[in-house]
Amino acid sequence: MAAKQVLFSDEARAKMLDGVNTLANAVKVTLGPKGRNVVLDKSFGAPTITKDGVSVAKEIELEDKFENMGAQIVKEVASKTADVAGDGTTTATVLAQALLTEGLKAVTAGMNPMDLKRGIDKATARLVEELKALSKPCSDPKSIEQVGTISANSDATVGKLIADAMAKVGKEGVITVEEGKGFEDELDVVEGMQFDRGYLSPYFATNQENMTTDLENPYILIVDKKISNIRDLLPILEGVSKSGRALLIIAEDVESEALATLVVNNMRGVVKVCAVKAPGFGDRRKAMLEDIATLTGATFVSEDLSMKLEETNMEHLGTASRVQVTKDNTTIIDGAGEKEAIAKRINVIKANIAEANSDYDREKLQERLAKLSGGVAVIKVGAVTEAEMKEKKDRVDDALHATRAAVEEGIVAGGGVALIRAQKALDGLTGENDDQNHGIALLRKAIEAPLRQIVSNAGGESSVVVNQVKANQGNYGYNAANDTYGDMVEMGILDPTKVTRSALQHAASIAGLMITTEAMIGEIKEAAPAMPMGGGMGGMPGMM
């Protein structure tokens, strides 16, 4: 086992604070509308230019073991805030640095670290209650657009794209962000349910120009096994042929003989049909087929449910107003399923999301939820260079997460104003002793740090601005983008309550733990062994 170095009390805390300051100073330059960019070196390819706090934090690894411990702990604040709220990482880092700096001064002065932490925890709980009281719901498109704009570094086009996407697919719909192929940002909306399986044969295509199959008001058969014998399908095919309508078959697979028969009948015009493979794999495939059955009003034909394909008839088929199939995707629009059954299915998926253990499972369940509840929107980010594309995509991702957080828990005045207004909730709050009171006072002062940093990044005098904001009430604050004061909500400067709350809670939690640290243990870096002497080159025969 490698030898360890142990640092105690003030020496340990000083090293830890140095690491925190290194990370926080790199992250906090990005805060606010006039925050600067940070350039990140990559082991391959061009450097990345970003204004995203968590991206900067994730890149930082310090040479000194003990300083690095401090930096990694605060990195956790940024990552946790990003995971929970999707934004507010820089605010959380600035709060943690401010709390820790003042907290360690108090510990050095002889105060009890545990009582300081209890005071901070007590004040945090009161501030969270006050933030919730200050919060206003965010449901109208204008507020959604404003939140998206602020989170995307005051880019109004991004705010509008997100508001449009939410208007089209609903607030719980799936919105994804992709790299576009042009210079302009685009919004693509896929209505209805789409899954990533196309037709099993190009001979099913009805439109030869763009190789798509368009089925109007088709019947839909959903089977979870391979179809190998065409005889099993004969009762269905005869019924569909008599009705004069089309048929979409969704099955695990259709084997060559049965597929050839379907293609021939389709080309001769006996029955208009298209077969596609079922989406997903294993248990997820069955769940997705049940979703499609619910959406279209079909009966899910599965031997697990004691149903055989040869026993099916026209009553087991679902319908939709339109189906479009390409070589890669199938889109079912306006399925004829009962609204009650769809709502019940949606509630089951929501319950599964709440119980999901892994991010992957949760993501797949959310995709299923969106497909059942209204569609998928894709924001395609446009840019001139690849570096700009990556930077912009990060900003759009942040803005999307922040907007979702705003819809979930509401909004408060932005620009650090909500935390300043929440200060009044601490007026009558006292701890059990002087050290706890000092912990409360620490947090009261620390929550001014985000506003101070926004002003500092804009080139202003932070103390003057903070005093001016404190002297007024309500949503009155400082707009760093154009150096003016006014109502932050009217100016469209909003923060999601969830983002501000998460930043505060995570910063207070980590700062409390670091203040109460008394020892640090790290491996001693061993000197690398000296390189061996290189062997001499042997003489070559025939050389003079």
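Even glycines carry a Cβ here, placed using N, Cα and C.
Among the features that Swiss-Prot reports, ATP binding site is placed at 30-33, K51, 87-91, G415, 479-481, D495.
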Identify which of the binding-site residues T30, T90 has its Cβ surrounded by the largest number of other Cβ atoms within 10 Å, counting every protein chain shown.
-> T90
Look up G415 (ATP binding site) in the DSSP assignment and reduce it to helix, strand or coil.
-> coil
Which residues, sitting 6 or more apart from G32 (ATP binding site) on the same chain, put a CB under 8 Å from its CB?
-> G415, Q453, I454, V455, N457, A458, A480
May I ask which residues of the same chain, at least 6 positions away in sequence, place their Cβ under 8 angstroms from the Cβ of G88 (ATP binding site)?
-> T81, A82, A402, D495, P496, V499, T500, S502, A503
List the same-chain residues at least 6 positions away in sequence whose Cβ sits under 8 Å from the Cβ of K51 (ATP binding site), in sequence order, or say none.
-> T30, G35, R36, N37, V38, N153, E391, R395
With H, G and I counted as helix, E and B as strand and the rest as coil, say where DSSP puts D495 (ATP binding site).
-> strand
C-beta crowding around D495 (ATP binding site), within 10 angstroms = 30
Within 10 A of the CB of A480 (ATP binding site), the number of other CB atoms across every chain shown is 25
